[in-house]
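Novice: Look at TrEMBL and you will find 36-324 tagged as domain 'Histone deacetylase'. TrEMBL lists D107, G157, Y311 with the feature substrate binding site. As annotated by TrEMBL, active site, proton acceptor applies to H149. As annotated by TrEMBL, divalent metal cation binding site applies to D184, H186, D272. Taken from TrEMBL, the feature region 'Disordered' applies to 383-469. As annotated by TrEMBL, compositional bias 'Acidic residues' applies to 397-407. Annotation comment: TrEMBL describes 422-457 as compositional bias 'Basic and acidic residues'.
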Amino acid sequence: MDTGGNSLASGPDGVKRKVCYFYDPEVGNYYYGQGHPMKPHRIRMTHALLAHYGLLQHMQVLKPFPARDRDLCRFHADDYVSFLRSITPETQQDQIRQLKRFNVGEDCPVFDGLYSFCQTYAGGSVGGSVKLNHGLCDIAINWAGGLHHAKKCEASGFCYVNDIVLAILELLKQHERVLYVDIDIHHGDGVEEAFYATDRVMTVSFHKFGDYFPGTGHIQDIGYGSGKYYSLNVPLDDGIDDESYHLLFKPIMGKVMEIFRPGAVVLQCGADSLSGDRLGCFNLSIKGHAECVKFMRSFNVPLLLLGGGGYTIRNVARCWCYETGVALGVEVEDKMPEHEYYEYFGPDYTLHVAPSNMENKNSRQMLEEIRNDLLHNLSKLQHAPSVPFQERPPDTETPEVDEDQEDGDKRWDPDSDMDVDDDRKPIPSRVKREAVEPDTKDKDGLKGIMERGKGCEVEVDESGSTKVK
């Protein structure tokens with residue numbers, strides 16, 4: 001078992017990595033409804049850019065195997081999954097109580113193919129984790145994933161199934177510690193809540209805080225019990241630019257990697273933190289956003305890249321295309337190739353767009369105070385401990401379709417293990433067994449987070465499985 005990653009950045013950023021990319025051609029057909037800001041079409045636009053920039057030929061392209069009911073129920077409540085599977089636009093009027101109970105109907109509407117959509121995006125994220133666990137790639141990408149607000153028992157913030165939690169649970173079968181990093185403008189509340197009381201997952205969220213959805217993510221929300229200090233929240237104000245962002249991101253993430261030493265990293269790359277987003281209020285450039293990907297990539301730790309928010313869809317496609325190039329170590333030119341969605345990118349038809357001249361409300365003093373507070377909290381953690389281990393459970397089965405093989409593409413060696421996934425043998429692995437009673441003084445901290453989750457607490461046991469309290 002991999003007990004940790006490199007603690008220091010190593011190797012030039014241009015070093016090539018083996019990358020698996022998950023994409024289902026149907027994903028762009030799902031439609032939240034007229035006027036809704038979440039548009040899965042942005043995933044299809046991203047894919048078109050990747051194809052026309054020639055980036056697909058540098059990756060193994062995989063169609064994800066849809067997540068099954070039992071896969072989703074590793075985190076979500078059985079009755080919630082059953083509801084998602086059965087609800088349709090035609091039947092929703094007969095299930096008003098259920099809609100209210102599961103917070104489905106307004107921000108999270110019922111639409112045609114809703115459950116298939118959830119299965120598809122969750123399948124890509126879990127499939128990426130399986131590939132990473134087997135050492136079949138260095139970086140796995142699922143731009144359709146990253147829906148970080150979904151809770152165990154309810155939908156939230158355009159998110160129905162929390163593919164990130166499911167992917168992390170899969171990684172925990174192989175890795176003792178997993179790091180989650182969230183650069184979406186909104187707080188990664190669903191993921192933080194799921195792992196709030198464990199020290200096996202550290203969550204770090206950089207987000208707008210103060211009268212902004214979902215309203216959580218205070219700097220003093222630090223985790224509970226054995227998870228105390230394993231939740232880091234970086235609250236930011238309007239207009240933050242590249243320089244200010246990395247004044248926090250790089251020192252904080254450098255220290256996290258040094259102290260926590262994760263075996264794998266999940267990076268949620270929500271693009272609503274870009275300048276000019278329809279719902280956002282930050283002022284990051286695409287290169288500034290991608291610098292987070294570049295920095296986390298430099299540690300040479302297995303990396304899962306996921307999508308998330310992003311509501312000015314031409315900029316979302318630009319961003320995730322560029323970040324795919326960063327993952328591959330391939331420089332992508334600014335001049336955009338002609339393709340089926342070319343008209344979206346006028347009048348300049350370039351990959352990069354200039355940030356605005358909006359005011360940056362994040363003063364240098366405020367940023368330094370946040371940085372010092374978070375580094376102080378990290379100093380209270382011991383370096384990654386040496387602990388006893390035990391055998392892990394079997395992998396989730398994900399017999400995804402290799403798009404390269406379907407197309408008859410011979411780039412991959414037929415004898416390569418990259419093309420063999422169905423007759424995998426379980427990897428012998430051990431994960432720690434550790435029971436820590438929460439401190440009495442932490443009970444107030446737990447009360448708030450559990451109230452937000454309506455009593456849905458997840459406990460990660462020594463095998464990487466979850467228990468519901």
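Each residue, glycine too, has its Cβ placed from N, Cα and C.
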Novice: Among the binding-site residues listed here, D107, D184, whose Cβ has the fewest other Cβ atoms inside 10 Å?
Specialist: D107
Novice: Can you tell me how far the Cα of H149 (active site, proton acceptor) sits from the Cα of G157 (substrate binding site), in Å?
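Specialist: Spelling it out, the Cα of H149 (active site, proton acceptor) and the Cα of G157 (substrate binding site) are 6 Å apart.
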Novice: Return the residues near D272 (divalent metal cation binding site), defined as same-chain residues 6+ apart in sequence whose C-beta is under 8 angstroms from its C-beta, sorted by sequence, else 'none'.
Specialist: D184, I185, H186, R278, L279, G280, G308, G309, G310, Y311
Novice: What average pLDDT is reported by the model for the domain 'Histone deacetylase' (36-324)?
Specialist: 98
Novice: Under a criterion of Cβ-Cβ distance under 8 Å and sequence separation of at least 6, what residues of the same chain contact G157 (substrate binding site)?
Specialist: D107, C108, H149, H186, F213, P214
Novice: Hey, for the substrate site built from D107, G157, Y311, who else sits with CB inside 8 A of the CB center?
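Specialist: The answer, listed by sequence position, is P37, M38, H149, F158, C159, F213, L279, G309.
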Novice: Which are the residues of the chain, D184, H186, D272 excluded, whose CB is within 8 A of where the CB atoms of the divalent metal cation site average out, their centroid?
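Specialist: What remains near the Cβ centre is I185, H207, G270, S273, L279, G280, G308, G309, G310.
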Novice: Would you work out the biggest C-alpha to C-alpha distance among D107, G157, Y311, the residues that bind substrate according to the record, and give it in angstrom as a whole number?
Specialist: 14
Novice: Let's check the environment of H186 (divalent metal cation binding site): how many other CB atoms sit within 10 Å of its CB?
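Specialist: Excluding its own Cβ, H186 (divalent metal cation binding site) sees 27 Cβ atoms within 10 Å.
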Novice: When you measure from the Cβ of Y311 (substrate binding site), how many other Cβ atoms are you left with inside 10 Å?
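Specialist: Y311 (substrate binding site) is surrounded by 20 other Cβ atoms within 10 Å.
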